[in-house]
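Participant: Attaching a single structure in structure tokens format; questions to follow.
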């Protein structure tokens, strides 16, 4: 018998704001938050030690393994943009999360099978760094990379939709206490995600170190299975909103309409000779002068362009002034966005710090707890969390006394200081690596890549803390800056731009390692990123990142100078009144506004 669709379960358009409370509500929170928490513990617990798995079990060189992880992270950061588009335009949040959860489970299971079955890996080799070991064949690599791709697809389904889907369950504008309920949900969500990442970087990595890869990969599979079951069990209780028009479609329409109308001649703005297309009640009735060529997309050529109701007959030939200004706002921030790519390379340093820690004394105190090499990234997370918690309550009141501004540092200043601190972080990393390498050579370990240097791995903590602080300033500053420039309808674009920047940064990081490995090992020399940390010059690699970061600071200054001020009448007045602000507030948080957690990449 065909099942009838529950009218309370699927809504679209204005009906979204008036769903009844038979579905959704607090009863769905255990399913939504447990799904996100278990997924985070499972997925982020796999990355820290993966360079060791690739080099020891698949006999990859350090440079190749680092490139694989850079590219995997790049795909994982690209996919949420596609997931958000599919969710907004075609499938809806529930279906995208469900498909992403299943894809992640299958991907993690495939990765676990590479550890379970020896046939899935090359034959065992005692010293892959020094011996000529058998490399993985095409089928083995296809199995491994297929698991990575499926996990990236899963991340693309879960990460852009999970928080927004949770907000859908609680959003009830008819409830006077809804704002407090929503804020409580966001706080619990961020707390659970932060705790999950901390657990993944410490507990899961510790299990991998102590119990081996089969158990270390099996635990995330078990957690991901629980995540999948919990989310699907709650399906009958969820409010499932229908997809609506995506901003990506709007941007495409403006681009196509501009091209289709490229032969139109724009009259001088002061002449008032053009008739612009806008919706009734919109404040944006005339386009701005900047990027003026895009104005052709909203210029009415003849009365035949619109129907009797005043709607464009073909939205791919005629767009509203608001659509044009939204695309202009996006284009305007792109130079400043590009200045965040190099710091993304710094933030994405997952492989080399793990290898450095693995070659050092990792005891917290002599004879005490031994910290897993992959767990040192937790210091960046702790620093980031402390900074975010302290910024509004301690730093802003102190800075406001000197800056005479209530917000302390402006968003541009926060981003700039984040870039400067990232320069210091890579410089410190270079100094520590230089000291570690010198100690290794002095202790006779130049030809022993597996030897442990008599130097505490706690020397690596400052660089991790500095990276966490740089991320707290620049990454969160970036997202808030995009929100300050965009209308609320473009809330998702701010996070999408940040993840896109991280993805490009991952690709640039892979390119830098590939070029260095190829160029520095010519004429019989040892590569800077050699399989032996003690023979290579990873300190030179960090110095190169420092130089690029310093250049990037000056590039950023040029970008903000070119961007200019958005004050004194230059800022677009978007179609957003007090009522609309309340209406969209839940979705702002759902897209990441004010998020105290910036996920590691």
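The backbone N, Cα and C atoms fix where each Cβ goes, and this holds for glycine too.
Checked TrEMBL, it gives:
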- 90-113: transmembrane segment (TRANSMEM)
- 144-167: transmembrane segment (TRANSMEM)
- 188-207: transmembrane segment (TRANSMEM)
- 213-239: transmembrane segment (TRANSMEM)
- 371-394: transmembrane segment (TRANSMEM)
- 415-432: transmembrane segment (TRANSMEM)
- 491-516: transmembrane segment (TRANSMEM)
- 540-563: transmembrane segment (TRANSMEM)
Participant: Using a Cβ distance cut-off of under 8 Å, indicate which of 144-167, 188-207, 415-432, 491-516, 540-563 has the most pairs with the transmembrane segment (213-239).
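Facilitator: The stretch with the most close Cβ contacts to the transmembrane segment (213-239) is 188-207.
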Participant: So which of 144-167, 371-394, 415-432, 491-516, 540-563 is most in touch with the transmembrane segment (188-207), counting Cβ pairs under 8 Å?
Facilitator: 371-394
Participant: Answer yes if the transmembrane segment (540-563) and the transmembrane segment (415-432) have at least three CB pairs under 8 Å among residue pairs 6 or more apart in sequence, and no otherwise.
Facilitator: yes
